[in-house]
Amino acid sequence: MSQESLHGRWSISDSEDEDNIIPPTPQKTSITPSIKPDIGSKPNNITTFLKQEPKQSPNKKAEEGTLNVKEASAPSIGSEARKAAHVNQTKPAKFESKVSPSVKRKRETDEGGWNLSDSDDEASPPPVAKDEAKKLNVSPKRKKTEDTRPPSPHGTGYYKEEPADFFETNLLSMNDMYRFYLNKVSGIQKKFNTGALHIKEILSPMFGTLKESVQFNYCFDIPWMVEQYPLEFRDKPVIIVHGDKREAKARLLEQAKPYPHIRFCQAKLDIAFGTHHTKMMLLWYEEGFRVIILTSNLIRADWYQKTQGMWMSPLYPRLPEGSPGTAGESPTNFKRDMLEYLEAYRAPELADWIERIKQHDLSETRVYLIGSTPGRYQGPAMEKWGHLRLRKLLSEHTRPIPNEERWAVIGQFSSIGSMGLDKTKWLAAEFQHTLTTLGRAEKSLPSSQPQMLLIYPSVENVRTSLEGYPAGGSLPYSIQTAQKQLWLHSYFHGWHADVTGRSNAMPHIKTYMRVSPDFTQLAWFLVTSANLSKAAWGALEKNNTQMMVRSYELGVLYLPSAFNMSTFPVEKNVFRGSASSKGFPVPFDLPPQRYSSKDQPWIWNIPYTQAPDTHGNVWVPS
């Protein structure tokens, strides 16, 4: 089966079993097989590096390269190549009106090939056998060498230091009701950054006198991260919780050598192709303790011109001496769930922090914690993690709504995993069942299912963004995955965020919600690190008796009942500066706009040369 598109003919793989994929037979392709120094530890035979465009004039070469994506011994998800794309985002080529390359693609049945996903696809084929490696003229055991992180995709001068008035100096503009905040974005009107937060502000004395911190994340630039701490806190102890192994871990340790106050905790990833994708800060102050659950990696690009979000906890005071560990619980059981999540790491490095949390009063928390941790779960444990955890909470703490089949589900994300040959394999089956749960089911599901609206940037969204095509380096939907699930694209809606001034700041935030037919009320809202993938949310196995989760993820769920409300009104003026508003600040425009007939989802590993982006570049993976 195939389909013509703007990007040529897509062959549809008939492989749908992610755990039993047969490596494809190598065919001639314009993508040159070669070995590139490894970018990391996980299966990463597909890597990225920068190559100068031959047609560039010499004076352009320093800052305007062309991404050259080269394929090595076996197709794989490319977790570490993905990480490089996060850090570097992929360097574009300058627009040339005569450029119209014809790019042949081989038929692939792997999960992602170049899928530099922020949340990995579910599986990858086994390594290529020696005889297959010989056909590709590569050595399967070739020694990996170190290399340094390439420069910014825009050149070293792209990032500009913000003026002092870019940052908040007090908390008057903060809306404490929901404690949901967007990141500040460089290059947009100042009014749209009022009450938004930059990492420098989060770590500043404005929120507390810092003693120690823990940074959970997927991608780190340690020197940059250290600089975000104010001078008076810059030598305070920090634990970095990561999922890197082998070369990637060695590079992370090397980055930290100048900083003796930094220690590491490696998350256990016992199921293949999972990632440590959780993004969280634990901040211990002289005044108390705070939790921040967010969507940003600890790299500069993620805090510059992307749309990101976070939940910031209240300042939790210390409990009286001798209080039991169960004291200071919230109505949402946030303390219990946070401790259970941290204990799932089975990490001695976190033991002191677990005890520290027990000693604080978290009773003011009004959100529910939804985490994913790698494992295969049966019985009651199936509902502890992933989308079944969300289903359980929606079942227990929401109520059915009249005409609820007209209340649409919205999912918004920055990466997409493989979901099978049709929607019944996962998306419109177990996952939609979860997202459409309201209260305890006492009747059979209605014949008409609620609409599911999926928001993912189009090519035009990316081209006209503040960053231009390099923004697509953080939107890693691959052609290899897309060509197997064309059915999914009928769900897609573009990224439009005039309400927050962020229509041109591409989303790295991930949100899910249930919205009324007139788009003025929310039944619930979730901000999370979890993208649209089975690896992140989990998938049922063994005739629905087992839940398998590959990755660590973390988010918070807002339910109206925790705020003594029946639904959340949608805020129409997110940055009007009113701290008393009861409207929920949805970060994008409602209703979502369905793709036009000319729109295509952004696919990061195919060329876009018909029109330049906002920086005069085209996108040429060669």
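A Cβ is built for glycine as well, from the same backbone N, Cα and C atoms used for every other residue.
Taken from TrEMBL, the feature region 'Disordered' applies to 1-161. Residues annotated as compositional bias 'Polar residues' in TrEMBL: 42-59. The feature active site, nucleophile is assigned by TrEMBL to HIS277. Look at TrEMBL and you will find LYS279, LYS510 tagged as substrate binding site. Annotated active site, proton donor/acceptor per TrEMBL: HIS508, in sequence order. According to TrEMBL, the feature site 'Interaction with DNA' maps to SER533.
Cα to Cα, HIS277 (active site, nucleophile) and LYS510 (substrate binding site) are separated by 12 Å. Cα to Cα, HIS508 (active site, proton donor/acceptor) and LYS279 (substrate binding site) are separated by 12 Å. Distance from the CA of SER533 (site 'Interaction with DNA') to the CA of LYS510 (substrate binding site) is 12 Å.
Between LYS279 (substrate binding site) and SER533 (site 'Interaction with DNA'), the C-alpha separation comes to 17 Å.
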